[in-house]
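Chemist: Following this message is one structure expressed as structure tokens.
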Amino acid sequence: MAEARLLRRRRLCLAVPFVWVVAVAVSRVGANTEGDALYSLRQSLKDANNVLQSWDPTLVNPCTWFHVTCNPDNSVIRVDLGNAQLSGALVPQLGQLKNLQYLELYSNNISGTIPNELGNLTNLVSLDLYLNNFTGFIPETLGQLYKLRFLRLNNNSLSGSIPKSLTNITTLQVLDLSNNNLSGEVPSTGSFSLFTPISFANNKDLCGPGTTKPCPGAPPFSPPPPFNPPTPTVSQGDSKTGAIAGGVAAAAALLFAVPAIGFAWWRRRKPEEHFFDVPAEEDPEVHLGQLKRFSLRELQVATDNFSNKNILGRGGFGKVYKGRLADGSLVAVKRLKEERTPGGELQFQTEVEMISMAVHRNLLRLRGFCMTPTERLLVYPYMANGSVASRLRERQPNDPPLEWQTRTRIALGSARGLSYLHDHCDPKIIHRDVKAANILLDEDFEAVVGDFGLAKLMDYKDTHVTTAVRGTIGHIAPEYLSTGKSSEKTDVFGYGIMLLELITGQRAFDLARLANDDDVMLLDWVKGLLKEKKVEMLVDPDLQSGFVEHEVESLIQVALLCTQGSPMDRPKMSEVVRMLEGDGLAERWEEWQKVEVVRQEAELAPRHNDWIVDSTYNLRAMELSGPR
């Protein structure tokens, strides 16, 4: 008996290490499979700029590679290779990235077909293959991506018909298949009923209701038949009276319906006039691309006549109201407050169109607008998690503080959104008021840049030279304040201040700091603490010990590079994105330190009472170490 028990114990002791090894192996299988899949992609692509140099197959998993983001379980959830000057072809192994949510390959020179295996990426939220050289058909399997919200395949050479399976994606919000060689009838059911001809433009062989061209053999486009309510049941004794009344009513309805249908048909033949000539109160269903023109009455009903109880916030451009549309969806309605001048309507509409064309997952999508002789309103999706500013400083007692990992995601996401405005919009869009209050948070706490384009929109009554400085004290770049001239580098400055808000949880301008003899400007306050080597005092107390020290230092370095006094010395937002992804920050910081060594002797004493212009003096080189 004793020998038998001893034998069982020995077997158990041998089995436990074996089980542990198997468990470790299993935990790495997913990461290794994903790493192999991404390395296959690297081998298939031509990388002229060595952006994939860090994709090393000898590493345990791909989570340390540049342009790859993983979740806490070390599974790949994001691949960002937009505008990387890549060529070559995609590989079917991409279908093994089971947890992938974002696949961004836009603005490259990738060719070949879109792999059917992408349909296996059932967690995908965004698929952006815009501006490449893809050929062949759109895979039918993409209809399996039931979480997809953002699909851009435009500006390629895709052919064949649009798969009807795509209509089953009920979550789809943004669709662009324009500028391809697609043919056949555009589906009009399911999610496709939301999309208008701009989503399918410049595909000469496409036809159907989603385009401006009817399909061969199909009747001309016509308005839907009028709704006929069911006839109520009447007793036999009233049948004759009902018949007579019904006949009179039918005749009257016909008398009024025929001219109305004819007028509607005539207007459908002239869609180019919809945007400019139709008053919103008379035709709320006018669209510009995917942009809806709402009636004022519709927005009054949605916001309970702009009730104060529905105010979400107030800003330099007006008040924002929470509203609920007739379909039940929640929206944020921005009621612009600028006075109206004659002749501004066309410019307003042009700027609204420009804003609507800026589509990126980190930009707040404009859903619609309303314009009357006395009102200008913009309609956006409602962001349930509010703004970064409200989450940092106005959260409810039951709301947890923003975790450090969430803050770093916000930093990167907002940088990507601003980079898109600067580098991918034509003409480029300068925000001019980048701050934590204008960075919104969606249901997944992803950063969404809001209020972009509004500064230009509100200057439509001015000349081409903008004379008004728009922005918020503490965020305004010194050159913008002194000259009134804005550029993308003024946005970079505001972004740097926003990073400091994320790190510290404090306001960019706060008179309350005077009570402790501190600087009212956040940038000056941060620099003062760094000079005193009190980096730990910078971190938001709400985080307690839940932050990564070297990541805090990296974010501070990026913030200081972004807030340099000279706009020429600040990085571009695209460079900021790369630095946040771990590419080039050490080199840029070292270069900055060398310059500071030269400047040290000439550095002036700090100013304590400069409340308007943020300090542009840089720190001594030794006051913040490089990455550890």
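Glycine residues also receive a Cβ, built from the backbone N, Cα and C atoms like all the rest.
Residues annotated as signal peptide in Swiss-Prot: 1-31. The repeat 'LRR 2' annotation in Swiss-Prot covers 123-144. If you look up Swiss-Prot, you'll see T303, T350, T463, T466, T472, T616 marked as phosphothreonine. The domain 'Protein kinase' annotation in Swiss-Prot covers 306-593 and is backed by sequence analysis. The ATP binding site annotation in Swiss-Prot covers L312, G313, R314, G315, G316, F317, G318, K319, V320, K334 and is backed by sequence analysis. Annotation comment: Swiss-Prot describes S329, S356, S387, S615, S625 as phosphoserine, evidence class experimental evidence. According to Swiss-Prot, the feature active site, proton acceptor maps to D433.
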Chemist: List only the single closest residue to T303 (phosphothreonine), chosen from the recorded positions R314, V320, S329, S356 by CA-CA distance.
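Modeler: Minimum Cα distance from T303 (phosphothreonine) across R314, V320, S329, S356 lands on V320.
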Chemist: Tell me the Cα distance separating D433 (active site, proton acceptor) from L312 (ATP binding site), rounded to the nearest angstrom.
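Modeler: Answer for this pair: 18 Å between alpha carbons.
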Chemist: Taking the Cα atoms as reference points, how far is S387 (phosphoserine) from S356 (phosphoserine) in Å?
Modeler: 21
Chemist: Would you please pick out, from the binding-site residues L312, V320, the one with the fewest other Cβ atoms within 10 Å of its Cβ?
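Modeler: Comparing Cβ neighbour counts within 10 Å for the binding-site residues L312, V320 gives L312.
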Chemist: Under 8 Å Cβ-Cβ from S329 (phosphoserine), six or more apart in the same chain: what's there?
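Modeler: S329 (phosphoserine) has long-range Cβ partners Y382.
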Chemist: To the nearest whole angstrom, state the Cα distance for the pair S356 (phosphoserine) and V320 (ATP binding site).
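Modeler: On Cα coordinates alone, these residues lie 18 Å apart.
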Chemist: Around T303 (phosphothreonine), how many other CB atoms lie within 10 A of its CB?
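Modeler: Taking all protein chains shown, T303 (phosphothreonine) has 21 Cβ neighbours within 10 Å.
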Chemist: Where V320 (ATP binding site) and D433 (active site, proton acceptor) are concerned, what is their Cα separation in Å, rounded?
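Modeler: Their Cα atoms are separated by 16 Å.
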Chemist: From the recorded positions R314, G318, D433, pick the residue whose C-alpha lies nearest to the C-alpha of T472 (phosphothreonine).
Modeler: D433
